[in-house]
Amino acid sequence: MGIFNKVTKTFQWGDQTVVMETGEIARQASGAVLVSIDDTVVLATVVASRSIKPGQDFFPLTVDYIEKTYAAGKIPGSFFKREAKPSEHETLTSRLIDRPLRPLFPQGFFNEVHLVIHTLSLNPEVDADIAALIASSAALALSGIPFNGPIGAARVGYIQGEYRLNPGPTARKSSQLDLVVAGTEAAVLMVESEAQQLSEEIMLGAVVFGHQQGKVAIDAIHELVHAAGKPVWQWEAPARDEALIARVAALADDKLRAAYQIRNKQARTEACRAAYAAVLAQLQADGVECDTVKAEGLLFDIEAGIVRSQILAGEPRIDGRDTRTVRPIEIRAGVLPRAHGSALFTRGETQALAVATLGTERDAQRIDALAGEYDDRFMLHYNMPPFATGEVGRMGSTKRREIGHGRLAKRALVAVLPTKEEFPYTMRVVSEITESNGSSSMASVCGGCLSLMDAGVPMKAHVAGIAMGLIKDGNRFAVLTDILGDEDHLGDMDFKVAGTTAGITALQMDIKIQGITREIMQVALAQAKEARMHILGKMQQAIGQAKTEVSNFAPKLYTMKINAEKIRDVIGKGGAVIRALTEETGCQINIEEDGTITIAATDAAKADIAKRRIEQITAEIEIGKIYEGPVTKLLDFGALINLLPGKDGLLHISQIAHERVERVSDYLSEGQIVRVKVMEADERGRVKLSMKVLAERPAPGSDRFGTGSERPAPGSDRPALAEREPRREMRDHGHPPSEQQQQQSPPADTGSGQRVG
């Protein structure tokens, strides 16, 4: 008998085969499950502390999602050649896993829980995040840790009018929707989505479809737990001290009710702090044995009860609004004189200063993802310093919350951005939250859209975002439009919806209770649409459409197309040609594999110079066309004439003049500018020229230098020539011609040119 007690559960999920295993790997953890979906393999482990840290007053859940580069057969590209700090994708996936799991731990459970998920193998067409959600749910369910799960999860696409289960990256390219939903058997817990302006009905249908498909995974997890689950912890919620609760309520109720009559956030916060301090002082004076953490927890419950009961009773909200009213909005565009685009968006006590910057293709962010590298030409970064909430705090590295809010705002705007062909710029938006009292991420959506329009980005439509809240008690509920920070803190849901007049572009839902129903989501989406239309009207009044020209401080981009076979000519040996061209013009020049060239310059004249130079470098020599160029080299049997940058032709000795030429140097000298006509080119691209066809045949006894180009006197100065690219000497021009060949008449001028090659 082996040392492992391995249990395996296999089930079919749409077109995919899912295998869940436990009992072989990570046996020291409280729970460990290995999930395989068509060669994507994820290991989820969970460990929980058996004791609570002194003074702990919140649930300390930590989720770490880690991608190993060996999963895709790669070695890390860093100096140390090992995985370092989490990537943005890893951080976002950690949040994606955390959000549906956190509400399922019981109230009062403050033991530390650490969930670690490793991606061990990756099939590029099977996303690891869904496998990670299922593995995490299964690991918690069989660990014995107090947990009201399991949950199921699914990704939903919308392709050609049909919902698709777990579409891979390739399929999603043709999908109008990328939605991830997670929930229990009874209700939805989390939604994260990006959409191409879809209706509320389609979005709600996608959530319901995904929730139903997730139940397949829940059933399989139940079977795995039945076969391999560990004993459930003997944990009970701390006993309620009814006498203390009554005493605290008697001391605090009137004070907190009075505080919540104050409309201003800062004044209200100070009043609540004063109430807390007064109650704690009175308890101490009365000799009541109660630690501060416990007393503050009771005070928070009283706060929540006051706010929630008032809203459910139909009374005005904290700031005096009803459930459907959006706070006053003020918009000012172009607030920063030298920024490429900017907008100050203020909604009540929430304010975002959004700044847009335009760059070239070289400014795009290079993403070294596990599934492969790619360039991202649109970035949105969200920053919220402590002063935005009137607090003192440390400024350090970007926090998970800031990364998540930035990605949500980015998702909302992607659907209306112009294509690279329509607008070849790289775009970056930075949302600086200067005030925050609820829904700062949605303020970033509004401000970000306006700043891009101010920068001259041809957006397809305006995009606005709104955050919806929920107060639920039994069968009674109230959906709140444009929630405040306190309503988010004391309520049951944060449901963010962004979109245009045509439909939804992004949706995110976070739940604090164990699920919401279809009815609640339907009401929330309807109210969100009403609020979105109101905000869009305000935005359109501020900026009706994008500026037709980019800022004078932004680089101007000019595109041109060349034959892909000519790319090497523009680049030159070792990059010499393009480097010299860049230094000469001061422009940035980017060349794509298909021959598309983008020239970036702040000076249009310099861009024109660069464009003309590239046209000269890539131009084809045409048969029958007349060129003017310098003599680059004298040969015994003729001369090399530069026709175009890097392109020479052979002027044979017999084609210099009508009379017999004994020595080329009697007629030509290096550097002399001559006019020649292209007569022919052979299969190897060698070009033959003629001077004499451009000159009239001289009358008997006339000057022998009647060739259309006066021969310079030996040693005379010649006009200075513009710097040119290094010449390439033509080879295999043949042997000196015979006397009969020298006397042969040239071919007649055909007039119109014919391109060589």
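Cβ coordinates come from backbone N, Cα and C, glycine included.
A quick note: this is a predicted structure, and the numbers were derived from the prediction, not measured.
Look at Swiss-Prot and you will find D488, D494 tagged as Mg(2+) binding site, backed by sequence analysis. Annotation note: D494 (Mg(2+) binding site) sits in a strand segment as assigned by DSSP.
The domain 'KH' annotation in Swiss-Prot covers 555-614 and is backed by sequence analysis.
Among the features that Swiss-Prot reports, domain 'S1 motif' is placed at 624-692.
Feature annotation from Swiss-Prot assigns region 'Disordered' to 693-757.
Per Swiss-Prot, the feature compositional bias 'Basic and acidic residues' maps to 720-736.
Positions annotated as compositional bias 'Low complexity' by Swiss-Prot: 737-747.
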Work out, from DSSP, the number of helix, strand and coil residues along the domain 'KH' (555-614). 32 helix, 16 strand, 12 coil
Counting across all protein chains shown, how many other Cβ atoms sit within 10 Å of the Cβ of D488 (Mg(2+) binding site)? 19
Within the same chain, the residues at least 6 apart in sequence whose Cβ is under 8 angstroms from that of D494 (Mg(2+) binding site) are A467, M468, G469, I483, D488, M509, D510
The domain 'S1 motif' (624-692): mean pLDDT? 91
